[in-house]
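Taken straight from TrEMBL:
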- Gly61, Gln62, Thr63, Ser64, Thr65, Gly66, Lys67, Thr68: ATP binding site (BINDING)
- 1-313: domain 'Kinesin motor' (DOMAIN)
Amino acid sequence: KDCTTASQCDKIEKIQGRTHSYTLDKVFGTDSSTDQIYQDSVASLVKAAMEGYHSTVIAYGQTSTGKTHTMTGTKGDPGLIPLCIKDCFRYVQENKSAEPREYLFRLSYLEVYKEHIRDLLCSKNSAPEPVRLFDGPNGLVIRGLHEEVVSSPEKVFQLLKHGERKRQVGATHMNEHSSRSHVMVRLTIESSLATDKNGETRSSTLSLVDLAGSESVRLNGTERREEGRYINKSLMALGQVVLGLSDACSNSNENKKINQQHIPYRDSKLTRLLQPSLSGNAQMLLMCCISPLASYMEESHNTFKFATRAKRIEQKATIQTANDNEETLLQTYRDEIQDLKQQLAE
């Protein structure tokens, strides 16, 4: 039985006949296509990433509400991840004449499974290097994560398909192919003006995150129960971070800096990975998925409360440039090409 209704002013008005009002930026019904969601809410973040802003899309919600389908899609009905990737490369082609910039893309693919970060692009023949998180002078540093330079959407999809085989999925009482881990696709975008070889290099990251869904652990088997505990624990940590950030933004300006220091990012690997996106210097879209079924009313109610808190978080993204002492891969390739040209000339 359908237990939710959406008004024309992007409010969820009723849950199972009881009135609850939640004001959101946009509401999409079951008849909305993924392409419609992309064009309406996601395309602007891809454009921002190409212009040098960190951008993040996060799918959140109870298990079996369509998060993975919305993010990944199918061959005939592509999800947000393939649509984002295609748009990045399309942007390069369409803006060649307007602003002649050189671009370099680096792809990484990871999952958080039982509080361990697993590299989904590492070679089968080599033991994966432990992925560790550190605080650097410019924010979070991820060590040991493999990156692949990619030059086409097809190469990206090939790598993602390779990584998909390593993902942790399993059957639960709610979903035959339930994600048992949080997954992040990271596309690092470097660009600089083709006419100014010594000019600044922009370096931004487009992060596409498919969170595992919250669930009742008591209804699953032993292995799924243990996985469910880790999933719920990390989602609870994310909820505490969002609550802390929401409260900080609601307080007076003089207290915001103090409150920011007490945000519990270190309570889970998931919140550490999302810290750059949540802490303010990124454009972020939080896509909350719910089921219209009355039996999931309480979970839907909790999802809306999470969305309402997240909506209060203030984001002030700035264009990201490489530091003077930080050599980018784009600059390294340029130098190598220049050296080869000199050798050929000699």
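Heads up, the Cβ atoms here are built off N, Cα and C, so glycines get one too.
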For the binding-site residues Gly61, Gly66, the one whose C-beta sees the most other C-beta atoms within 10 angstroms: Gly61
Averaged pLDDT, computed only over the residues in the domain 'Kinesin motor' (1-313): 85
